[in-house]
């Protein structure tokens, strides 16, 4: 039997590389990575604010000393607020959704929110005409769309995630099937529309901050703040859930209730963003993918702020470049979706497997 005399320091060998000053028991592997995180985050926020300032005052047709300058800026502030809402909703929901599914290439769009939004808009034009779609606005119509999308997701979760044989992968599969079916029905109805009705509908189906009505903000902003705080407070559980069901269960996390709780919060954020701005399929994926690379940590307390900063910068810089550099007044979301789709295909082709 071999015994060690721990009273004699010469008999104990300590690996000094594990206890140097550059390493610490935190979300980052070293203090250098922590400093890098904060530098990147502050830089992204500063660039986002600079782009926002450019959108507000650059190329403003009204002089600053004119009484009409403030009203013009106020109208532009509405677009900035809509960009912040889109960044919060898509960044938080996509990162949380990818964590509970343990898959970095899928997005909450698989649950059919955008397909349902498209079906609601298309059926309104198809059955009641373009005038009904134009009049389909106000707080009542907005809340109706949000409630319908959240209600559909709750039915999906309660049906496929409850019980002994609840399965997250089955829920995703059913969500894809429902989304595909709704898209097929919407496409069929759009083919039967008159050209003028189709043009009006198509403008609604492209995601744009110009669709945002400031009358919705007093309802939307408090809802988003509450949900964002709840998701951020859920960060430690998401850290464990991202390791998989078996590991999360072994750590004492109630897997099924935690997943359903997260999915409900994701559904609320996605429903609000889709009803307010419109569909943005690959925007959340683009933001989440870049945030993982920039944050260099698996701690959601740090991933969420980085994702929001990147999402806000993408939105503000894209609109600034398209409006004031390229002078293209088209739908900026198409460009964002294009880059998001290219990155998605690149990652899929590089991994060769989902």
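The chain as shown is numbered from 1 upward.
Cβ atoms are placed via backbone N, Cα and C, with glycine included.
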The annotated transmembrane segment range in Swiss-Prot, which must be one of 11-31, 116-136: 116-136
Contact call for the transmembrane segment (77-97) and the transmembrane segment (116-136): at least 3 Cβ pairs under 8 Å, seq gap 6+: no
Annotated stretches the transmembrane segment (302-322) and the transmembrane segment (37-57) touching (3 or more Cβ pairs under 8 Å): yes
Tertiary contacts of the transmembrane segment (37-57) (same chain, 6+ residues out, Cβ under 8 Å): 28, 64, 73, 76-77, 79-80, 83, 294-297, 302, 305-306, 309-310, 312-313, 316-317, 319-320, 323-324
Residue numbers, six or more beyond the limits of the transmembrane segment (141-161), whose CB comes under 8 Å of its CB atoms: 111-113, 116-117, 120, 167-168, 170-171, 174-175, 178, 213, 216, 219, 256, 259-260, 263-264, 267-268, 270-272, 274-276
Residue numbers, six or more beyond the limits of the transmembrane segment (329-349), whose CB comes under 8 Å of its CB atoms: 104-105, 206-208, 278, 280-283, 285-286, 289, 314-315, 318-319, 322-323
